[in-house]
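Feature annotations, courtesy of TrEMBL:
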DOMAIN    1-91  domain 'Cytochrome oxidase subunit II transmembrane region profile'
TRANSMEM  27-46  transmembrane segment
TRANSMEM  67-87  transmembrane segment
DOMAIN    92-225  domain 'Cytochrome oxidase subunit II copper A binding'
Amino acid sequence: MAHPSQLGFQDAASPVMEELLHFHDHALMIVFLISTLVLYIIVAMVSTKLTNKYILDSQEIEIMWTVLPAVVLILIALPSLRILYLMDEINDPHLTIKAMGHQWYWSYEYTDYENLGFDSYMVPTQDLTPGQFRLLEADHRMTIPVESPIRVLVSAEDVLHSWAVPALGMKMDAVPGRLNQTAFIASRTGVFYGQCSEICGANHSFMPIVVEAVPLKHFEDWSSLMLQDT
């Protein structure tokens, strides 16, 4: 859960998000080293007379400033490609949920069940109870079992939307007429908040996403109760 004046990421709640945090630290370290080197060269050039204005050609320097950037790009690209393939990999999901974006709410359908689906609207500010979060609470949460592979199919009914939950490392565009898919595993129980991340009209900021990860037994009880109510 994000909090005021937060500078870092939210605590990771999925293996994908943990990998993304590690990659962020890896890339930031490379950027810091490059910035330090460039700053040192600039200061050295300005503050000293150790310069050679008459170098017209140097094969060694040209090889160095060709090879070093290539090495740096490889060091960034390899872990990035690994995470990309990890995010695209969907192996035997235990549960499939279809998330549809509308102006301006989300609807969820649990495709493994015969008749389990609901619409999820933002809870108005005047209806919030103590401890709930303004603009982030939804009247129906997308409930999932913890430590189980979940596949999410994302699309939209009208305009472009984007289904995003930062703590889970998830962001998938919802495009009308197109069915995108992503997968994740919630590594711990909890309630994880997100919002529509694609400008979709006047009430774009009023489309919260709330994912609740619960133990498998609690999920089975919840799904049975939802099926009885439909």
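Yeah, the Cβs are placed from backbone N, Cα and C, and that goes for glycine too.
Predicted automatically and left uncurated, TrEMBL annotations should be read as such.
Within the domain 'Cytochrome oxidase subunit II transmembrane region profile' (1-91), the DSSP-based counts of helix, strand and coil residues read 63 helix, 0 strand, 28 coil. For the domain 'Cytochrome oxidase subunit II copper A binding' (92-225), the mean pLDDT of the prediction comes to 93. Secondary structure counts, DSSP: the domain 'Cytochrome oxidase subunit II copper A binding' (92-225) has 19 helix, 62 strand, 53 coil.
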